[in-house]
Amino acid sequence: PGTVSDPWKLMLLDATFRAVQQTCHLIHYLRLSHHLIVLNYLICTFDKLKSVSSEDINITDAVFDGVEVRVFEPPAKRDERLKRSVVYIHGGGWALASARTSLYNNLCRIMAESLNAVIVSVEYRLVPEVCFPEQFHDALRATKHFLQPDVLAEYSVDPSRIAISGDSAGGNLAAAVCQQLSKDEQLTIRPKLQALIYPVLQAFDFNTPSYQQNMNMPVLPRYVMINYWIDYFNGNYDLAHSLLINNHTALDVGQALSFRGRLNWTSLLPSSFKKNYKPVIQTTGKAEIIQEIPALLDVRAVPLLAENETLQLQPKTYILTCENDVLRDDGVMYAKRLENAGVEVTLDHFDDCFHGCMIFTIWPTDFSAGVQTRNSYIKWLDENL
């Protein structure tokens, strides 16, 4: 579908990840353990070999309203009173990775250094320990706790210069939390910005142009993303094929009718993204899927389906998308809907980059795409926060 920077390295990474996934699924099949628990264990074990530390940033672990967080604090400068801050929510399909892994530890450390900002990295609970809506609740509780005046004062944070951000599934949680905060009338402090990195924002249509174009693209093929959704909702894998062909949002599924206009990619996407792809809209489908998994239409899980009244309340927004990514159109459509609602939006699109690239900056998974996207993201935060 397009050029990719470091193609051979990406193919090697994808082949390794697929082999590990197959091993984990075999362990799951033998009922020795859940495949996601094994996969996350292997990721974290390998990650320990690549620990990145810093003498300039103070890194501490804390608990915010029952939720574990990791806080990155740059040293105080002379005559400086208050710092900027970013609440960061890591990706991993709501099931993998950690705020403590070197990939995210390194990203948050560099953010703290580059922005001279306090970074709060949220360690929300993962699938299969918990499923939706617990990840959302964890992220919301930790963020609301941090936004309390006394907590901000403890970390010397300027209440008017706070961003909420995340990548992939973390971008999903960041968008959902930001929507919830915007409607909370009891809050006195709200984020100034939101910054979403290749966010996953909808489970309504698995046949957007980017889902069709990149269905087999490393490191997030379409079937893998659908399985992440099923795991997040504690659903049945037998539904995967029906979801793939949009049976859950067919024309005869009444529950989906009111949401259809909010995710009409034929009007929300520019022609350069639509290309020659055609919508996949089933005439008759399976309404029982929505009955079995109502969260498929819950805006706390699928922020792209939020009503315009909620979108109008969102802060200035940055959305990073990659051409070689099934989730490209999720971010582009959200940018357009926010823009239509009157929100100032920066859509930062990269033609030669792929899903997940921003955290791959440490050997042996170091990609030029990772440094390129990370620098652009941090530059926007620096100029706007």
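Note that Cβ sites are derived from N, Cα and C of the backbone, with glycine treated the same way.
TrEMBL annotations:
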| type | residues | note |
| --- | --- | --- |
| ACT_SITE | Ser168 | active site |
| ACT_SITE | Asp325 | active site |
| ACT_SITE | His355 | active site |
| DOMAIN | 86-243 | domain 'Alpha/beta hydrolase fold-3' |
| DOMAIN | 298-358 | domain 'Alpha/beta hydrolase fold-3' |
Taking the Cβ of Asp325 (active site) as the centre, how many other Cβ atoms fall within a 10 Å radius?
27
List the Cα distance (Å, whole number) between Ser168 (active site) and His355 (active site).
8
Let me know the most crowded of the active-site residues, choosing from Ser168, His355 and counting other Cβ atoms within 10 Å.
Ser168
Rounded Cα-Cα span from Asp325 (active site) to His355 (active site), Å:
5
